[in-house]
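Below are the features I grabbed from TrEMBL:
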- 121-342: domain 'G-protein coupled receptors family 3 profile' (DOMAIN)
- 122-147: transmembrane segment (TRANSMEM)
- 159-179: transmembrane segment (TRANSMEM)
- 191-212: transmembrane segment (TRANSMEM)
- 233-254: transmembrane segment (TRANSMEM)
- 280-301: transmembrane segment (TRANSMEM)
- 313-335: transmembrane segment (TRANSMEM)
Amino acid sequence: NYGAHVRFDENGDAPGRYMIMNYQRNRITREYEYKVIGNWNSGITLNHSDIIWAGDTKEEGEIKNMQRGEQCCWICTRCSSWEYIKDEKTCETCPEGMWPYPNKTGCYALEVQYMVWNSIHAVIPMALAALGIICTSFVITLFVMYNSTPVVMASGRELSYMLLSGCIFCYFMTFILLAPPSTLLCALQRFGVGFGFSVVYSSLLIKTNRISRIFESARRSAKRPPFISPKSQIVMTCILILIQVLFTFVWLLLEPPGTRLHYPDSREPVVIKKCRSDDISFLVSLIYNMLLIIVCTVYAVKTRKIPENFNESKFIGFAMYTTCIIWLAFVPIYFGTLNSFK
């Protein structure tokens, strides 16, 4: 008479009809009460926006943790921040480079991070590099203005120009190192860092070697030692630099340049775009420059007691002592910050 459809299952039972309620606090009365959030009538219907979970949140992300020996009861267990819900009883870690949605129903691709020009971590090094370029350019300008004076000539003009050029090149490498990674820039980084240092330290090494040989020879005889002319100095410096260049080209052939995605920790939402070369191999590529520094420091120590009129080696020695300290500090800092591109 009422137009209702009544049916029974094979056991003669009527199908169940249920109201689904959620025990939650009424935001007006501040009292806890049951609120209808859905129903069951041959299928479930839920209004997810009305559900309030434990902790007074609307976040999902929990699975059924079945208790041993229990068939009908379970404990709701929250998935970790890096996991999504695979099924009602299983949490699973998102693949590398992905992170779960807030409702834990799946994973999305993380945004790739790399150094940007307007970051404070880039602005400060670029400002310092720019200051270094300005100061070094000023010194080069003074050398050019007084190129023929006895002071400039006695300092070894040719090697001084090479040394100052190497300094400027190293400062410019700051901008290459901070640029967004690409195949070309990664190749320039691997070539430029070692090349710039080799120009600087090769020039200093030949300078101190020349002073050492002059005074060692003077103790034995009045004969002028060989290979102390400006041309000879330039040739020897270039040979030392070419050794570094050769090593770098071999490295580029064995490990072609390119970019890669780096995942420091699967439990953190971080994906970093880096150069493809191994971090340790980058440090190994500087071993030759470390050798130049050590030899140059030895020569600086040997020539520390020469006459006051030839005290250039004392300043070189001071520079090498501080360089050794800086490089010794660089190694642990480098390995201690590998997971942070900043």
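Just so it is clear, glycine is given a Cβ too, placed from its N, Cα and C backbone atoms.
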Would you kindly check 122-147, 191-212, 280-301, 313-335 and say which stretch has the most C-beta pairs under 8 angstroms to the transmembrane segment (233-254)?
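Result: 191-212.
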Can you work out which residues elsewhere in the same chain, 6+ from the ends of the transmembrane segment (122-147), have a Cβ less than 8 Å from its Cβ atoms?
115-116, 157, 160-161, 164-165, 167-168, 171-172, 174-175, 178
Cβ under 8 Å to the transmembrane segment (313-335), counting only same-chain residues 6 or more beyond its ends: which ones?
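204, 207-208, 211-212, 279, 283, 290, 293-294, 296-297, 299-301, 303-304, 306.
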Same chain only, please: residues at least 6 beyond the ends of the transmembrane segment (280-301) with a C-beta under 8 Å from a C-beta of the stretch. Say none if there are none.
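Same-chain residues near the transmembrane segment (280-301) but 6 or more away: 190, 193-194, 197-198, 201-202, 204-205, 208-209, 211-212, 240, 243-244, 247-248, 251, 255, 313-314, 316-317, 320-321, 323-324, 327, 331, 334.
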